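Colleague: The annotation region 'Nucleotide-binding domain (NBD)' is assigned in Swiss-Prot to 2-386 on the grounds of similarity to another entry. Taken from Swiss-Prot, the feature N-acetylalanine applies to ALA2. Residues annotated as N6-acetyllysine in Swiss-Prot: LYS77, LYS108, LYS246, LYS348. Per Swiss-Prot, the feature region 'Substrate-binding domain (SBD)' maps to 394-509. The omega-N-methylarginine annotation in Swiss-Prot covers ARG469. Per Swiss-Prot, N6,N6,N6-trimethyllysine is recorded for LYS561. The annotation region 'Disordered' is assigned in Swiss-Prot to 617-641. If you look up Swiss-Prot, you'll see SER631, SER633 marked as phosphoserine.
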Amino acid sequence: MAKSVAIGIDLGTTYSCVGVFQHGKVEIIANDQGNRTTPSYVAFTDTERLIGDAAKNQVALNPQNTVFDAKRLIGRKFGDPVVQADMKHWPFRVINDGDKPKVQVSYKGETKAFYPEEISSMVLTKMKEIAEAYLGHPVSNAVITVPAYFNDSQRQATKDAGVIAGLNVLRIINEPTAAAIAYGLDRTGKGERNVLIFDLGGGTFDVSILTIDDGIFEVKATAGDTHLGGEDFDNRLVNHFVEEFKRKHKKDISQNKRAVRRLRTACERAKRTLSSSTQASLEIDSLFEGIDFYTSITRARFEELCSDLFRSTLEPVEKALRDAKLDKAQIHDLVLVGGSTRIPKVQKLLQDFFNGRDLNKSINPDEAVAYGAAVQAAILMGDKSENVQDLLLLDVAPLSLGLETAGGVMTALIKRNSTIPTKQTQIFTTYSDNQPGVLIQVYEGERAMTRDNNLLGRFELSGIPPAPRGVPQIEVTFDIDANGILNVTATDKSTGKANKITITNDKGRLSKEEIERMVQEAEKYKAEDEIQRERVSAKNALESYAFNMKSAVEDEGLKGKISEADKKKVLDKCQEVISWLDANTLAEKDEFEHKRKELEQVCNPIISGLYQGAGGPGAGGFGAQAPKGGSGSGPTIEEVD
């Protein structure tokens, strides 16, 4: 019996790819057509079901029953605006089944409806068969990749698709992380390197920043757009030619699904041509009502049609840099992943953004993700080859995790972007005397108050022996494993009594948009808070400086050392500033600083004359008010200093 191998599958929106790690290297496996990537297409006909190239090749003849883009539906609700928007572009029907989308097709003369998981499982089955044909024996273990931005229901649904395909899914990993592994094996150089992975595929766009150091990968930040890719560029071309056809032939082909599909196929081909040539021609015989459509498009025109989409790829790059707290000069390597990164304009924008830095194209952008997934699969199967042995992969928690303490405050134990797996422990105590139990409420989010964050779960720890407030010691541990499953345990140290909750990441968690929104909101509020803090400290500094100066010149010990004229000058100016402060408590930071400069110009020459080089009394800011005790409502648990 051959030792069991595991495969790595890049389940793409438009194309999928499979690899296997054996004999110390990765093989990307070609399908029966000799192609190393396989279209993520499934077609249903009167006689059979087709998957991959065979499905894509007959799409123009059978558009209603050829399903693609299942990845855009997987793990989403029917009412999701993304689903609603995409449905307009699809020639196949999507129906609503209890707010779950299903694809309706005609198969062997019957109407059938499939869940997105089922469609994806058919593609996964095809990838599994491609690997089995190459290896010559059955394969069941696999690592499957998803975009970094997939939320938990999308990840879970992808895992379900694997199970439906008869795979034992060892792990779901992020596509950029997989690409980084592929890259890491190629680069064994010493020292820490920051790598930015720019993955623009058929359907999703991900930017990730990783630190690679001595075989250890750490994901520092991820950003992107679950809805940007090669297909969006195809759509722009399709719309352009639909308009051109209207102008030339006074006919609207947009309602004819077969015509649009044939046009789209020609557009995709033209787009690929434009990556290597500056012009591409389209020749479609009898496109609509017997009219032949012969036309051409230049690279410049294509770039113009997609200019806003191309430019929008830089925003997530900036966001990822911000999240990773890195400057663009600190990125050592830029890695291109995904077929759309072959577009010269996209490469140029990225290169210009990084001030002419060379891009790394050594990895075939279509295969990098499957390559890394295959390596990860080998690691999880315990492959002992030295290429793989010292490779470690660290993922991150997308949001901070913590619990509610007195007054509804969010106390984070695990910070956003912390490397997982991780374990954090903190001691808490009771809020009132003889409190018999505590309610542990677990939240995720970036805001200061729990009411603005997302409640993941709660549990009681009861049976705490009567004691004054602040005496009992309750140890709370947050433990996240490599799959992102969170265990929260609370233990009363005096009795050893414990209770716990396991929060799996499959149901009712936040979507990418919500995570994004919460992070953005938190960033926005954080910026507002920062401005407010600076304003208050400028006001306090001015106020204390004015009062210090006032008391300095009124000091009995200075009698005779300061002329009455100077004294009056300082006191009048101080009084003017104090009155201005009373009238302008809400002034901006700049105004407070400006007033202080004015006051210093009057006071400094006089005061420094007095103290001969000794600095005058410093302007100590007033300390912030101590926070008030938390309200009596809410879980009565308090953080121990």
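Yeah, the Cβs are placed from backbone N, Cα and C, and that goes for glycine too.
Keep in mind that this is a model prediction, so the values were computed, not measured.
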Colleague: Going by C-alpha distance, which of the modified residues LYS246, ARG469, LYS561 is nearest to LYS348 (N6-acetyllysine)?
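Modeller: Nearest in space to LYS348 (N6-acetyllysine), counting only the modified residues, is LYS246.
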Colleague: If we check Cα distances from LYS561 (N6,N6,N6-trimethyllysine), which of the modified residues LYS77, LYS108, ARG469 wins as closest?
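Modeller: Closest candidate to LYS561 (N6,N6,N6-trimethyllysine), judged by Cα separation, is ARG469.
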Colleague: Could you tell me which of these modified residues, LYS77, LYS246, has the greatest number of Cβ atoms within 10 Å of its own Cβ?
Modeller: LYS77
Colleague: Sort the modified residues LYS77, LYS108, LYS246 by C-alpha distance from ARG469 (omega-N-methylarginine) and give me just the closest.
Modeller: LYS77
Colleague: Which whole-number value in Å describes the distance between the Cα atoms of LYS77 (N6-acetyllysine) and LYS246 (N6-acetyllysine)?
Modeller: 36
Colleague: Taking the Cβ of the residue listed as 'N6,N6,N6-trimethyllysine' as the centre, count every other Cβ atom within 10 Å, in any protein chain shown.
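Modeller: Other Cβ atoms within 10 Å of the residue listed as 'N6,N6,N6-trimethyllysine': 13.
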Colleague: Does LYS108 (N6-acetyllysine) have same-chain partners at least 6 apart in sequence with Cβ under 8 Å from its own Cβ, and which are they?
Modeller: PHE44, ASP46, THR47
Colleague: For LYS108 (N6-acetyllysine), which DSSP three-state class applies?
Modeller: coil
Colleague: Can you check what DSSP calls LYS348 (N6-acetyllysine), collapsed to helix, strand or coil?
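Modeller: In three-state terms, LYS348 (N6-acetyllysine) counts as helix.
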Colleague: According to DSSP, collapsed to three classes, what secondary structure does LYS77 (N6-acetyllysine) have?
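Modeller: For LYS77 (N6-acetyllysine) - judged by DSSP and reduced to three states - the answer is coil.
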